[in-house]
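Below: one structure, written as structure tokens.
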Amino acid sequence: MSKLILAINAGSSSLKFQLIRMPEEELVTKGLIERIGLKDSIFTIEVNGEKVKTVQDIKDHVEAVDIMLDAFKAHNIINDINDIDGTGHRVVHGGEKFPESVAITDEVEKEIEELSELAPLHNPANLMGIRAFRKLLPNIPHVAIFDTAFHQTMPEKAYLYSLPYHYYKDYGIRKYGFHGTSHKFVSQRAAEMLDKPIEDLRIISCHIGNGASIAAIDGGKSIDTSMGFTPLAGVTMGTRSGNIDPALIPFIMEKTGKTAEQVLEILNKESGLLGLSGTSSDLRDLSEEAESGKARSQMALDVFASKIHKYIGSYAARMHGVDVIVFTAGIGENSVEIRAKVLEGLEFMGVYWDPKKNENLLRGKEGFINYPHSPVKVVVIPTDEESMIARDVMTFGGLK
């Protein structure tokens, strides 16, 4: 029998939702509530393919959920709130405590709160959503799905930093990795598309959006990933620097008189493509600027692609080879140019890709861009974190 599952991504002043019919993975409706707690909150819901938008004051997440459930009934999406069978909540940080998704109890809620020091901007906001749904829908399973969980299979040699070991033991300082739900979804989908058991595949997953991370997935398990203790580490991103020499932080402080917090703000919000180009963090803008001869925009694109290129080589070495390279997320799914730059020169490791196929895969299309004879397959897969969340609600919420 079909179940209706809500996949939720709660921010401090927003609530993104998708209602999914399982196990068919059929999208029933989706929407977004913005400016929660502020004047003129915006509620957008998709009804029969059309977006319906209303503006009203919404004081908190409980009221937001209430309004969402009322809208479901008003638009005949459900007859009654009891039609909803479970909810799944994206939680950014599960630390070492949560190596997989988990049914939410009071104890789990408390542990997510304790992990807030590892994700102070995200976990408290994710909790607001969890508490609102548990209050208004107390009789159904609620499941937490952690961005970090998929990477908990990394070995010590991948997740430890070369710092005094007691920093790891005392403060939990280690690599955690993020985008786990996306990496898990696309790796499973790649195996399906190849009609091969995931246990037999070495996959390099490139989740490239405004935030970007690369993962080495061996036999379905993450063995390394580019993001670290925080999502600031790894490759160049839209506004994030990615890896830098840590000694640069005190050096910049000394030269500019800025505090550590201010420098961190620069690394998170004023660096990456935006910092390098000086104009935009949006790859589409930079591509246009580069075409019209702006050298710095071209340079930003070159740096961006070269960092990803380097991780692919590194992770192929870690897994003693690679069978599949996956591109996903906004840029990975849509930028013909970045995919081409990243794949350039990888023939030495068995990557032979077809420029024509590459040009044809845009806007949510899925498919292979390698030549048939290529030992390494290259595939573009639109990520679907919400379906992955719904699957985990079925599994961990006891609904199967």
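Just so you know, glycine gets a Cβ as well, placed from its N, Cα and C.
Fair warning: this is a prediction, and the values are worked out from it, not measured in the lab.
Around the Cβ of Glu385 (Mg(2+) binding site), the number of neighbouring Cβ atoms within 10 Å comes to 24. Glu385 (Mg(2+) binding site) falls within a helix when secondary structure is assigned with DSSP. Swiss-Prot lists Asn9, Glu385 with the feature Mg(2+) binding site, giving sequence analysis as the kind of evidence.
When other Cβ atoms within 10 Å of the Cβ of Asp282 (ATP binding site) are tallied across all protein chains shown, the result is 16. Taken from Swiss-Prot, the feature ATP binding site applies to Lys16, His207, Ile208, Gly209, Asn210, Gly211, Asp282, Leu283, Arg284, Gly330, Ile331, Gly332, Glu333, Asn334.
Residues or ranges marked as substrate binding site by Swiss-Prot on the basis of sequence analysis: Arg90. In sequence order, Ala7, Ile8, Asn9, Ala10, Asn126, Ile145, Asp147, Thr181, Glu385, Ile389 make up the list of same-chain residues 6 or more apart from Arg90 (substrate binding site) whose Cβ falls under 8 Å from its Cβ. Under the three-state DSSP scheme, Arg90 (substrate binding site) falls in the strand class.
In the shown protein chains, 26 other C-beta atoms lie within 10 A of the C-beta of Asp147 (active site, proton donor/acceptor). Residues annotated as active site, proton donor/acceptor in Swiss-Prot, with sequence analysis given as evidence: Asp147.
Look at His179 (site 'Transition state stabilizer'): DSSP puts it in coil. The C-beta environment of His179 (site 'Transition state stabilizer'), restricted to residues of the same chain at least 6 apart in sequence and closer than 8 Å, consists of Asp147, His207, Gly211, Ser213, Ala215, Thr225, Met227, Ala329. As annotated by Swiss-Prot, site 'Transition state stabilizer' applies to His179 (among others).
Arg240 (site 'Transition state stabilizer') falls within neither a helix nor a strand when secondary structure is assigned with DSSP, and so counts as coil. Long-range C-beta contacts of Arg240 (site 'Transition state stabilizer'), restricted to its own chain and to partners at least six residues apart, with a cutoff below 8 Å, comprise Gly211, Pro231, Leu232, Leu267, Asn268, Lys269, Ser271, Gly272. If you look up Swiss-Prot, you'll see Arg240 (among others) marked as site 'Transition state stabilizer'.
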Judged by other C-beta atoms within 10 Å of its C-beta, the most isolated of the binding-site residues Lys16, Arg284 is Arg284
Same chain, |i - j| six or more, Cβ under 8 Å of Ile208 (ATP binding site); the result in sequence order is Ile308, Phe327, Thr328, Ala329, Gly330, Ile331, Gly332, Ser335, Ile338
Of all C-alpha pairs drawn from the ATP-binding set Lys16, His207, Ile208, Gly209, Asn210, Gly211, Asp282, Leu283, Arg284, Gly330, Ile331, Gly332, Glu333, Asn334, the farthest apart lie at a distance in Å of 25
